[in-house]
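In what follows, a structure is listed as structure tokens, so that the remarks can point back to it.
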Amino acid sequence: MKRLFWLLVAVLLASLGLAQQTRLRVFVGGQQRPDVMRKILDLYQQRNPGVRVEIEVGGATSDQQQQYLTTVLASRDPSIDVILIDIIRPAQYLASRWADTIDKYLPAASRQALLRQYLPAYSQANVINGQLVALPGFADAMFLYYRADLLEKYGFKPPTTWEEAIRQAQTILQRENNPVLNGIGFIGAPVEGTVCTFLLPIWASGSDVTNAQGQFTLTVEQAQRALQFWVDLMDQRVSPPNMAEKPQDTIRQEMQAGRWVFGTLFAYAWNRFQNDADSQVKGKIGVVPLPAFAGGRQASCLGGWQWVVSDFSRNKAQAHRLVRFLSSPEVSKILAIEASNLPVFPALYRDPDILRVNPWFAQALPVVQAARARPQHPRYSEISEVIRVTTNQVLARQKTPEQGAREIVNRLQAIYSGR
Amino acid sequence: MAQQKPRYRRSLGDLSERALAFWLLLPAALLLGLVALYPVARLFYNSLFRRRLTDETGFNPVFIGLGNFTQALSDERFWTALWNTFLIVLVTVPGALVVGLLLALLANLPFRVRWPVRLGLLLPWALPLVFAGLIFRWFFDSQYGVVNDVLVRLGGERLLWVTTPELLFWAICITIIWKTSSFVALILLAGLQVIPKELYEAAAVDGASRWQSFWRITLPLLTPALLVAAIFRTITAFQTFDIPFAMQNGGSSFETLAMYVRTTSIENLNFGYGSALAVLMFLISLGVTLLYLRYIRGADD
């Protein structure tokens, strides 16, 4: 009887202990290396025995993840505490009141000190209307990946202008005479990455969707030239005619199977090319900043992922502590080494441990610093839809570049004027 | 001493038949009200407001009366989506009925081993719509797809099925017909099996050909089943969403009404306008259903 009593006491205490543990749930996308995130969270759990963190893995693309998250957040579901969101979303999260802003837990002075540590693009992307919506997890930008072995074989240096890249691709395709080899791969399916495809030539020519004051400035002519550039690549047979079918990861997989000379992809591709078991191009890939137009400037598309606390979380204080850890230099370094995610702290681009695994990070810093951000707007989803669907239709030859450009400019104008 | 009835039986026994029916139906009615009536009523209510989750109206909706509906009437994208939806109905409903009828006739043949045929019938029906969409998306892929592979082997050219609008439309229709004709076949098979064999025997004695007995016996007796199948098929065809959505990678070059509703509310967070579009879709479905019901009643009389 006595033994039973003590057993009961033990069970009671154990359950009290369990009850005191905070459970947090973190949402990351399938392409954001949940395996590496798990290691990082295990580290956090070791240091904070009172906290258990679960991972929920979402869809592979930014759009798929947000479709799911919209359902969760619009219904005020408290089950997710911390979310990794794409750089284009903070404005929407603030407008929809889905984010528990970081400011509440940060005195103004330390907020300034914290934000100064990050690459300026990321502090800017996360401060909307003066409020700190999220904290950066890792940086990203588009790069030009190339087949170093093929370029070397024909005595080419990595291209610095698009004209050069096109010439090199044409020569290599002609001489190699390999039916499965293609020239320049770019994202053309109606997915988020196609917004970057559309904007790259616009940025490279020095214009943008809005001016510094956020007023809409894009002209039909600028849009048309951008669309024409990609259509020309298909006409010149540097890119195959089915580019409208290709999302980013298809290009990555095909390049990994040795089917592309050049690919415009985000930073995650490097790690896959070098480390995936099925990679046919291990050690054969080089990476450089995206080319410029002759006489123009080089421009890349800014990517990157941010940690945000859900406004419906029941453990906001704990969730904020976790977000501070996840956006720390320590985690940025782990992500750089294990997932080749670009760091959000400038100093880490010179870190010897990171450079040993990713030697190309040494040249990546200026690219990330010069990369341009897609428009920040609470109705970004609509802006993105207009751009990616129309660009896709132009690439699919359903619309001429001129029709597409008119449509994009008209519809964006309507969104910017609040209609 | 007379045995006492259990309490519940006593109180139920005291009820009149009408009252009993009321209490028995109440749970189902409540449930239906909760999951069907309330959301539909809420939808109608929401459709009268400007409500975007991307600005202040997400929290303080502004009443605009029928503003969303007048916007829809002048919205080119709405009309395109409506037209696309009609095209899908126009092609896939008769398509599924014809293919379904053929399948049902095939499955009704006196095979010794019937289960492979019936399994083949059930499989597409049991498959989730999105899967069907994704599978056919791969079939029609210009580079890796089996359809183009066959075309090339037959000496044809590679076609860009998914990104050429006309081809995409037919690819979507083929997929929908493949997916839905098995449902039609199941209904028709049930219809076929209740047709008495004696009729065919009598027809054979009278010297009717198989073709004649199909037109004179099978088809007329199958009409009620065909109608039921047509109603169900039409209603689901008006709601077509999954297959075109999955086949376009989330794009919207070919957009049905249901796809437009989803993009407006879930992606663009414009719940007021999205609700209005959904209401319009609801009204159209309701209209079609009433039309059919009327026709059936007419046929019964």
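Every residue gets a Cβ built from N, Cα and C, even glycine.
Here is what TrEMBL says about this protein:
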DOMAIN    B:82-292  domain 'ABC transmembrane type-1'
TRANSMEM  B:20-41  transmembrane segment
TRANSMEM  B:81-107  transmembrane segment
TRANSMEM  B:119-140  transmembrane segment
TRANSMEM  B:167-192  transmembrane segment
TRANSMEM  B:213-232  transmembrane segment
TRANSMEM  B:271-293  transmembrane segment
Cβ under 8 Å, sequence separation of at least 6 from the ends of the transmembrane segment (B:167-192): give me the contacting residues as numbers and ranges. 87-88, 91-92, 95-97, 99-101, 103-105, 107-108, 121-125, 127, 129, 132-133, 136, 140, 159-161, 218, 221-222, 224-226, 228-229, 232-233, 236-237, 240, 243-244, 247-248, 253-254
Could you tell me what the rest of the chain brings near the transmembrane segment (B:119-140), counting residues at least six beyond its ends with Cβ under 8 Å? 103, 107, 146-148, 161-162, 171, 174-175, 178-179, 181-183, 185-186, 189, 241-247, 249
Intrachain residues whose Cβ lies under 8 Å of the transmembrane segment (B:271-293), provided they are six or more past its termini: 40, 43-44, 46-53, 57-58, 61, 64, 68-69, 71-72, 78, 82, 227, 230-231, 234-235, 238-239, 257-258, 260-262, 264-265
